[in-house]
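**Q** Not my notes, these are from TrEMBL:
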{"type": "BINDING", "residues": "A:Cys656, A:Cys662, A:Cys696, A:Cys700", "note": "[4Fe-4S] cluster binding site"}
{"type": "BINDING", "residues": "A:Cys700", "note": "siroheme binding site"}
{"type": "DOMAIN", "residues": "A:13-306", "note": "domain 'FAD/NAD(P)-binding'"}
{"type": "DOMAIN", "residues": "A:338-404", "note": "domain 'NADH-rubredoxin oxidoreductase C-terminal'"}
{"type": "DOMAIN", "residues": "A:439-485", "note": "domain 'BFD-like [2Fe-2S]-binding'"}
{"type": "DOMAIN", "residues": "A:575-635", "note": "domain 'Nitrite/Sulfite reductase ferredoxin-like'"}
{"type": "DOMAIN", "residues": "A:647-771", "note": "domain 'Nitrite/sulphite reductase 4Fe-4S'"}
Amino acid sequence: MSSTIVSKAGKTKLVVIGNGMVGHHFIERAVEKGLHDQFEIHVFAEEDRPAYDRVYLSSYFEHKDVSKLNLVDLSRYEDAQIQLHLNQRITNIDAANQCISTEEGTQIDYAELVLATGSYPFVPPIPGREHPHCHVYRTIKDLDDILSTAEKPKVKKGVVVGGGLLGLEAAKALVTLGLETYVVEFAPQLMGVQLDAAGGDILKRKIEALGVKVLTGKNTKAIIDNTLSDEASCHLTMQFADDTSLDTDMIVFSAGIRPQDSIIKSNPECGIEIGTRGGILIDEACRTNAPNVYAIGECAVWDNTVFGLVAPGYSMASICAAQIAGDHAQTFTGADMSTMLKLMGVDVGSIGDAHGATENSLSYLYQNPVEGIYKKLVTTADNKRLLGAVLVGDTEDYNNLLQLFLNDIDLPAHPESLILPNVEKPTMGIENLPDSATICSCYNVTKGAICAAVEDGAYTMAEVKSCTSAGTGCGGCAPMVKDTLGYQLTALGFEVNNDLCEHFAYSRQELYSLIRVQGIKTFDALLDEHGSGHGCEICKPTVASILASCWNDYVLKPELTPLQDSNDYYLGNIQKDGTYSVVPRVPGGEITADKLIILGQVAKEFNLYTKITGGQRVDLFGARLDQLPDIWTQLVDAGFETGHAYGKSLRTVKSCVGNNWCRYGVDDSVGLALRLEDRYKGVRSPHKIKMGVSGCTRECAEAQSKDFGIIATENGWNLFVCGNGGMTPRHGELFATDLDTDTVVKYIDRIIMFYIKTADKLQRTSKWRESLEGGLEYLQAVIIEDSLGIAEELESQMQLLIDNYVCEWKATITDSEKLKRFRHFVNSEQGDDNVVFVTEREQIRPATDIEKAKILATELS
Amino acid sequence: MNQYVVCRLEDILPETGVCALIEGKQVAIFRTKDNKLFALDNYDPFSQANVLSRGLVGGTTVTNDGGIDEAVLYVASPIYKQRFNLATGQCLDDNSVMLATYDVELDISFEGNDVIIKYEQLETSSTTLLEIEAV
Ligand code: SRM
Ligand SMILES: Cc1cc2nc3c(=O)[nH]c(=O)nc-3n(C[C@H](O)[C@H](O)[C@H](O)COP(=O)(O)OP(=O)(O)OC[C@H]3O[C@@H](n4cnc5c(N)ncnc54)[C@H](O)[C@@H]3O)c2cc1C
Ligand code: SF4
Ligand code: FES
């Protein structure tokens, strides 16, 4: 089938091949320059989805949410009438006739053509590499393939071939997937492009500490398929040139990338020149040798160099768009290839000439084998300028050095002081940088641009990121962007204020410490000692929550009662009409028929609206204040406890049915859910806490969307932490694997107490985790390795809370003083005549104003 | 002037409120920690529910029309958190809303500690509903 796409309205076509990161960036720049008015723009993309963030590809394994990686706002493409053809590979270029064709034979003429085809992963020609368990690591589809192999039963081991930047990232991903992971590198060291031998060695030890086994100097000769052999324990065996071998169930090739120039290679008659090692040759205007044909991004070769990073590709995209628009002033003159490895747990940075290849350059070294730190500076012969640097194990100096390098700033008299520990470092404070200094190299954002954005009202990191794009690429510059923001805010006269409210000049965390350390038990004592004024609806409930988190006294003790929000005060959630809801605890969602019947009877007797909640229990709505004690008396008598649906405390532990019934279940998820719900019920925290326990990886309990999610595996429980549904959903992160039940409980004890200690008011664990400097690793270090030496204290503080648990409703219905509070009027037994219900779907609901007025009118008449 | 004995001081926990029914009208009465008493409508015009007596009591500083800072006490509605000046009924979050307030006193002359509301005339609590019907 062959057809032709013809332009309408006499516009000529600007055609882009490839909708990857750079191709998409080009479109944005082109639209900015108004090229869509001049041309009909067509984009051909081989992949089945619009451009996405390849740099963050690995995060897909954590959230499995394609939309989080998406870069393209399709409505903007539509507004600019950009025609995006997905799933359409271009196979031919006819440069003489200015025409290209798709695989299916559709022909498109062009006035201007931009090649943005990126690169493809290089797979060494090893026999056996076509096995379905052999993968590459470049596209979302590749990751889906890796996932489906990893999820197969009996897949336990994975090997990454290639110990470069991407290979190590892939290895980290395999670890996350729970595989026993190996990295096999041909060269004698890891990250040979960026690091020297000594740096590579330190890195190797660090990677091994992450649980990845590293084999260097291994040349793979063949991959043997064991599926047909009965004895073999693994799917594959890799045979190396030195006659050793390695068993594995899956292989991921990450042995480098090659510029994607196959359209040209397979059509040499088009005459477009390619480099000796592949790649499309371009000049400083991003032009190829063919008229009106450009190449940008990873497929392009400039001055014998392929740029395997996104920042240089973005520069090319901007330059190319400008060139086509007739602005020839900007040209491409090479790019900085400094990088910081995003790998969690291992810090590696490489700047400029890391190998000291420049003639007569000098190198300074600092090595600390005990802590696994290696730093190297490469300077000019006169010691005046920085040429390059390598940092392993400690990248604190990265941004500082990068600024010295990028801005050609004079080095201090003793350059070694820049990398030595325990010396006063001549830091490149933001104030010393020129406005022209690049802070974010991914998006080429200068200090001046960030300061201007702050001046125009971008007062938070989020706002700065969205107005300038700084920090939204590799993220390496984020600390500097933040410093620049702080610097400019101070310059504008802002004070960074973390006070709880006008009555306390302390943050929640500080108040927590004061209360804990000084043993403060009441709000008034705290206010006298550390506050001023009367208190308010912000500090009172916050302090009530901290007091409860520290001492877990009954919330309706007279001195605590006035602090509670209406919900805690009346032990129910207030509804729009001033009635309350009743939510008894149904731990893990497990309930006997008898108890269900009681719930039904109570609902019927008090005429309550009944609904199954999203938390696997039953909510009874429409209870008047004066009805609450009677309702709860019946429930407590029947063995129910309060469900704390009103408290900033544990809500529910959602569970799936688990291995007692389910044919896939590998452990007793309900049993664990019951244990957890019983243990943490009533524990007050900065915000509510939800948990989930699933009996196998099918995850019917949606545990990964909870603050704490536990999933059974053959080898024990996997613990996920800091997930969230609600307004800003966040997948829980895998915190620890293969745990026994007691360890799960121990870790959760510690994390909850640490959260209580350090979180802000009304901060869910997800936001708290995001605010933790040092991220997940830090949390793991504190909780698992006890890096702060507080684990025991956290556990005993939790034990105190557990020991002091009382069911608040049980305590309330047996106290006649407390019961007095549950009347609408202090001087009458009457109810609130403004609470009026109508019937809908056979149950009550609050009447609307109009309905109320009508009812009243009929009563009056 | 009508007088109405509502309850005893002990019936109101310091820093909280109660609701009194006075000739069909719902009045929220608050007691602060230094035993000051305040009374205002219990009806929260923002949520249209009779709930203000269940709000939290707080204090802040506001600049009055004369440009002078003064300390005020307020109650924050438990439903959508709007704040009302306990002494004047003025909503601190919306200038156009003002609640009726009532004189409330502690009578220690006879039995001691009676909370008494004094008023000229009260509207019935159904007014708001009738107004809606009229619309
Ligand atoms: C009843 C229920 C809806 C239902 O009919 O299913 C419900 C009802 C309320 N939710 Fe919810 N949520 C209910 C499950 C959920 C879930 C689903 C779940 O837990 O699996 C979520 C998302 C999961 C999560 O929290 O991560 C959820 C996310 C929220 C949020 C947003 C939290 C966030 O972090 O973004 C709020 C607002 C808040 O807490 O600030 C909220 C707040 C509320 C409040 C308390 C609003 C309020 O202040 O009046 C509702 C009153 C409950 C009542 O009167 O009893 N509710 N709410 C569910 C009760 C579950 C239970 O048995 O306790
Ligand atoms: C896991 C991973 C981590 C990375 N981390 C970093 C990092 O931290 N920092 C950094 O700077 N860079 C990083 N990179 C590199 C970065 O992703 C690339 O530099 C960037 O994606 C290059 O953009 P591009 O548009 O040139 O190529 P691509 O993004 O690969 O896009 C090319 C597109 O063209 C399509 N295409 C190819 N041929 C055709 C054809 N004939 N017809 C139609 N369409 C075609 C391809 O399918 C592809 O979608 C990383 C890459 C990976 C894979
Ligand atoms: S999560 Fe697994 S064990 Fe639990 S119900 Fe679902 S399939 Fe069964
Ligand atoms: S340098 Fe990569 S996001 Fe700024």
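Cβ from N, Cα, C; glycine included.
Source: prediction; values computed, not measured.
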**Q** Average pLDDT across the domain 'Nitrite/Sulfite reductase ferredoxin-like' (A:575-635)?
**A** 96
**Q** How many other Cβ atoms sit within 10 Å of the Cβ of A:Cys662 ([4Fe-4S] cluster binding site)?
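**A** A count of 16.
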**Q** Going along the chain, which residues six or more apart from A:Cys700 ([4Fe-4S] cluster binding site) have their CB under 8 A from its CB?
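**A** Sequence-distant Cβ neighbours: A:Cys656, A:Val657, A:Ser694.
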**Q** Which is it, of A:Cys656, A:Cys696: the one of these binding-site residues whose Cβ has the most other Cβ atoms within 10 Å?
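**A** Answer by Cβ density within 10 Å: A:Cys656.
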**Q** In the domain 'BFD-like [2Fe-2S]-binding' (A:439-485), how many residues does DSSP put in helix, strand and coil?
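**A** Across the domain 'BFD-like [2Fe-2S]-binding' (A:439-485), DSSP assigns the residues as follows: 25 helix, 4 strand, 18 coil.
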**Q** So which other residues, same chain and not among A:Cys656, A:Cys662, A:Cys696, A:Cys700, have a Cβ within 8 Å of the centroid of the Cβ atoms at the [4Fe-4S] cluster site?
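**A** Surrounding the site, in chain order, are A:Val657, A:Gly658, A:Tyr664, A:Gly665, A:Ser669, A:Ser694, A:Gly695, A:Arg698, A:Glu699, A:Ala701.
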**Q** Could you count the residues of the domain 'NADH-rubredoxin oxidoreductase C-terminal' (A:338-404) that DSSP puts in helix, in strand and in coil?
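**A** Reading the DSSP string over the domain 'NADH-rubredoxin oxidoreductase C-terminal' (A:338-404) gives 7 helix, 28 strand, 32 coil.
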**Q** By DSSP, what is the split of the domain 'Nitrite/sulphite reductase 4Fe-4S' (A:647-771) into helix, strand and coil residues?
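**A** Summed by class, the stretch gives 43 helix, 35 strand, 47 coil.
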**Q** May I have the DSSP-based helix, strand and coil counts for the residues of the domain 'Nitrite/Sulfite reductase ferredoxin-like' (A:575-635)?
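**A** Helix, strand and coil residues of the domain 'Nitrite/Sulfite reductase ferredoxin-like' (A:575-635) number 27 helix, 14 strand, 20 coil.
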